[in-house]
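Chemist: Can you read through this structure? Questions will come right after.
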Amino acid sequence: FITAAFGIPQISTGDMLRAAIKAGTPLGLEAKKIIDEGGLVRDDIIIGMVKERIAQDDCKNGFLFDGFPRTLAQAEAIVEAGVDLDAVVEIDVPDSVIVDRMSGRRVHLASGRTYHVTYNPPKVEGKDDVTGEDLIQRDDDKEETVKKRLAVYHEQTEVLVDFYSKLEGEHAPK
């Protein structure tokens, strides 16, 4: 909705990493191992990808970050780079709900169609509605991995709420 209303791109570090993984790039292979274990890809890699992306022409009138920044170092790097943010939104969801939503997700790899075992189940359990092919659970959607990711969030990302609430001056979200 926001991207369409303002004619700006959504910048998702997760999507960028998944594309690198799918392409089998060295970054993608390194990222896959870290993500599958529930960890976060190194800040320098993410920051470099984001800086490169926001320098592209379609970002000249703005952009919407999705899932970025995730660490204090990433947030500080964006401020140091002179990137002004108009707003920062925190969506607060209980861990139990996140675990349920993510671990219930199933994907048809060839098309990208996404289902959920409870909220949007396929007509036939474990099968894509269109092709009848198998659905998979991504490694990063497995319950234990989601719980590890949440622990990392609480340790590394929650501090951003405080960081942005205290940010003053020209780089503070308006």
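Note: Cβ is positioned from N, Cα and C throughout, glycine not excepted.
It should be emphasised that the depicted structure is a prediction, and the values quoted were computed from it without experimental measurement.
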Chemist: What range among 12-41, 72-101 does Swiss-Prot describe as region 'NMP'?
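Modeler: When 12-41, 72-101 are checked in Swiss-Prot, region 'NMP' belongs to 12-41.
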Chemist: From R105, R138, grab the residue that Swiss-Prot records in the same ATP site as T114, Y115.
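Modeler: Among the candidates, Swiss-Prot records only R105 at this ATP site.
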Chemist: Which residue of R113, R149 does Swiss-Prot report at the same AMP site as T13, R18, G39, L40, V41, G67, F68, P69, R70, Q74, R138?
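Modeler: Site partner of T13, R18, G39, L40, V41, G67, F68, P69, R70, Q74, R138 for AMP, according to Swiss-Prot: R149.
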Chemist: If you pair up every Cα among T13, R18, G39, L40, V41, G67, F68, P69, R70, Q74, R138, R149, the residues annotated as binding AMP, what's the maximum separation in angstrom, rounded to an integer?
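Modeler: Spelled out: the longest distance between any two Cα atoms in T13, R18, G39, L40, V41, G67, F68, P69, R70, Q74, R138, R149 is 26 Å.
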Chemist: Here the binding-site residues are T13, T114; which one has the lowest number of other Cβ atoms no more than 10 Å from its Cβ?
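Modeler: It is T114 that, of the binding-site residues T13, T114, has the fewest other Cβ atoms within 10 Å.
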Chemist: Compare the C-alpha of T114 (ATP binding site) with the C-alpha of each of the binding-site residues T13, G39, V41, F68, and give the closest one.
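Modeler: When the Cα distances are compared, T13 comes out closest.
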Chemist: Could you tell me which of these binding-site residues, R70, R105, R138, has the fewest other Cβ atoms within 10 Å of its Cβ?
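Modeler: Sparsest of the binding-site residues R70, R105, R138 by Cβ contacts within 10 Å: R138.
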